[in-house]
Amino acid sequence: MPVESGSCASARQAKQKRKSHSLSIRRTNSSEQERAALHRDMLEGQDSKLPSAVRNTLLELFGQIEREFENLYIENLELRREIDTLNERLAGEGQTVDGAELSKGQLKTKASHSTSQLSQKLKTTYKASTSKIVSSFKTTTSRAICQLVKEYVGHRDGIWDVSVAKTQPVVLGTASADHTALLWSIETGKCLVKYVGHVGSVNSIKFHPTEQVALTASGDQTAHIWRYIVQLPTPQPTADSNQVSGEDEVEISDKDEPDGDGDVCSDCPTVRAPLTSLKSHQGVVIAADWLVGGKQAVTASWDRTANLYDVETSELVHSLTGHDQELTHCCTHPTQRLVVTSSRDTTFRLWDFRDPSIHSVNVFQGHTDTVTSAVFTVGDNVVSGSDDRTVKVWDLKNMRSPIATIRTDSAINRINVCVGQRIIALPHDNRQVRLFDMSGVRLARLPRSNRQGHRRMVCCCAWCEDHPICNLFTCGFDRQAIGWNINIPALLQEK
């Protein structure tokens, strides 16, 4: 009869143990439904003020937690037994290999290395399982706090910019690569006005602070100022966005994008010519904004300059030079005569026009790639976003280094800050929109799945914190804008 070696015997014993524990796992899985039913029966016998739907959701989540940790416990026991078996086998081999004895130190080193590998496997398994549990909680919380309310579909090409009117009636404006700007009813999603005065891509749109006038910048090397008159339609009941569920990332082809064939806006009033055309740039005008008071406007261009205009006369007041590469964005302070311009040269510049006789310039350096936008907040802060996947918060009184840095996993486009609550909305190239506070703490991620959210790059965000239905708007290269309801008190409470 052949004699079984010690190593083969130990391996056989380990195999039997693994088999017995796999049977234990199967028995555990088969009893999960019975255990869930038992928990449900126990809770039904207790007094609770929670709605039944909430209680059932909590039951399901806690059941998942229990199952995950039970499986982890069983895997932990199994891994410990494998460690013991491996150590026994190494000890046996150390006495018999080639008739030479391995030193105690060599045995210890081998055993330690094997134990380290198994320990790392255990840590990885635990981290993956607990991350899955935490993710389920975050997903549920995100859906409750951030809800999709309305989609605005009608453009034939990607939407570069979105803005909200500052005067009554409050309407939504979008600027698109299809050479048009559209005004929308926030409540109904109906197109109210179509502007077709540009002959190039419309890259930005901003509303006058006190009048029903819009400012648009275009690839035709001009910026237009045009007047609109809107009559808001009667709001219709909105669908319950809670019915949309699922957080799976799904790749969607071009044929699945919203069908922007123009029929949505075919019956709305069309504005064909501007009140004023601002013409001084030698390249694409990528952005434009109103200075406080609305009597002057600033434009940013790929010709590496920003221009300050008198709105009434259309005359060029200042040409702001200094950037080494194309400009990407410009923004004005809400209460002071300050302008910030960003550029592909990895910097953004602060221009001070508070003294009419002179204007000072401050250069902010801190990014390593294109600065896609820089915007003002309340007080003396500027927030900048970049293709280097970071967002930085700056104090205007100290330009040397940012007071906070947010690191992300994707390039950042035109950011926007909720002034009252100091919440930063970050639109990403990877179709995500994330919310952070001014200290860099992540607050939420807007839900995105195969049935809701953007399907292509998100280009811009705009807050409208006082609106009762939608207080955050996003637009993207999937040809649609989206209105979201963000429960800000709940969001800050979760923080």
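Just so it is clear, glycine is given a Cβ too, placed from its N, Cα and C backbone atoms.
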Item to complete: Quick one: sort out which of 1-34, 341-374 is the region 'Disordered' according to TrEMBL.
Response: 1-34
Worksheet item: Most CB pairs under 8 Å with the repeat 'WD' (195-226): which of 278-319, 320-361, 364-404?
Response: 278-319
Worksheet item: So what pLDDT does the repeat 'WD' (195-226) average out to?
Response: 98
